[in-house]
Amino acid sequence: MKTHKIAVLSGDGIGPEVVSETIKVLKVVEQIFKYNFEFEEALIGAIAIDETGNPLPDATLQLCKDADAVLFGSIGDPKYDNNPNAKVRPEQGLLKLRKELGLFANIRPIKAYESLLGKSPLKRSHIEETDMVIFRELINGIYFGEKFTSEDGTHAYDTCSYHRKDIEEITHLAFQEAMKRRKKVMLVDKANVLDTSRLWRKVAMDISQEYPEVELDFLFVDNAAMQLIINPKQFDVILTENMFGDIISDEGSVIGGSIGLLPSASIGTENALFEPIHGSYPQAEGKGIANPMASILSAAMMLRYLGLEDGAKAIENAVENAINNLIVTSDLDETSDYSTSVVANYIAKILLSDHDHHSYFNFENVLMGKSTII
Ligand SMILES: NC(=O)c1ccc[n+]([C@@H]2O[C@H](COP(=O)([O-])OP(=O)(O)OC[C@H]3O[C@@H](n4cnc5c(N)ncnc54)[C@H](O)[C@@H]3O)[C@@H](O)[C@H]2O)c1
Ligand SMILES: CC(C)[C@H](C(=O)O)[C@@H](O)C(=O)O
Ligand SMILES: [Mg+2]
């Protein structure tokens, strides 16, 4: 089996906690399916600023370019969030990495798990059977346009800019995904106000000609924010620009019950990075309460991207088993006191019990501190 080189960027806050649990799960999958992973860690975010002055050191970027895939945790720190004057910020590391790797499509699946329907603040009848995927453009738009702050700090602007070529490729991906699903693409935009949105509509209409079986529809983002709450079942594939995608995906996470469940894949032509959609959740750092599932499910998306479908499916099934048995962190069940690692250990145990009985018993010993196979 080919060796897959995986760059591991744990980052800040809960990033290192959820990523180390994910690697534990990946090592179990590696053993079961005889995969061969080579993990190499590198700095990004606030920790990279502390250690090198740069939120994306050159060595990190090079490692990611050379890797078969990047596993990313989260970045961000209150010392920057609370200081609008900071010139260097952790988020710049992630944005530069996405841009340098050409990760134009951020794919964010959202679904309502049957056993969590009662855990969402939204009504069960509204959310059951929801199954959608957001295709968020990731390396253009207002995040990357010209920016300005005046010397006296009284004037600032950010510019939202798109070229046709920035929209085409992700639009094709969204239509191709729709062909495998319920054949519906919803473009979320603000075409009643923004020129960039009108360009998105034109490009989507043109490209839709190549996919006659797929129904293309349009929704203004303000209405989309409401529809996501009152009737999320209507969505199959949502296609949208960078900032709208950022906002509506956090909103959509409420359907599943917690943002701690939502994975994502950021795909480019040459590279790919896998990241939970949540941030560094600094309030939880070191407490062992962060939900590791978004990160573990991002790793499943990584395996699928690497062509390791068996491992991907096995992880998704094991996570679903944990969810069905309510072996979840407190974000999904306020009565739960299962920690980040207890949840990940359970997922690892299920993988072993489903696929590798011999090691399963060893793993029981590991959990009881009697062995160190993992
Ligand atoms: N991709 C990223 O690395 C990323 C994404 C978003 C925010 N950020 C950064 O993270 C920092 C904190 O931002 P924020 O508070 O707005 O967003 P956040 O996603 O870190 O946390 C928002 C809330 O979501 C919940 N949450 C998030 N992750 C969770 C998990 N794994 N398990 C359980 N609950 C979870 C918590 O209730 C938390 O208060 C900021 O510095 C921000 O810039 C980074
Ligand atoms: C941290 C930030 C730059 C990032 C974004 O806005 O893209 C985050 O919110 C995300 O959703 O990945
Ligand atoms: Mg976000």
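The backbone N, Cα and C atoms fix where each Cβ goes, and this holds for glycine too.
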| request: Out of ARG89, ARG108, which one does TrEMBL list together with ARG98, ARG136, ASP222 for substrate? | output: ARG108
| request: Rounded to the nearest Å, what's the C-alpha distance separating LYS190 (site 'Important for catalysis') and ASP250 (Mg(2+) binding site)? Just drop the number here, would you? | output: 19
| request: Using ARG98 (substrate binding site) as the reference point, find which of the recorded positions TYR143, ASP246, ASP250 has the shortest Cα-to-Cα distance to it. | output: TYR143
| Taking the binding-site residues one at a time (ASP222, ASP246, ASP250), which has its Cβ surrounded by the most other Cβ atoms within 10 Å? | ASP246
| request: Within 10 Å of ARG136 (substrate binding site) by C-alpha distance: pick out those among the recorded positions TYR143, ASP246, ASP250, and say none if nothing qualifies. | output: ASP246
| field | Mean of pLDDT values spanning the domain 'Isopropylmalate dehydrogenase-like' (5-347) | value | 97
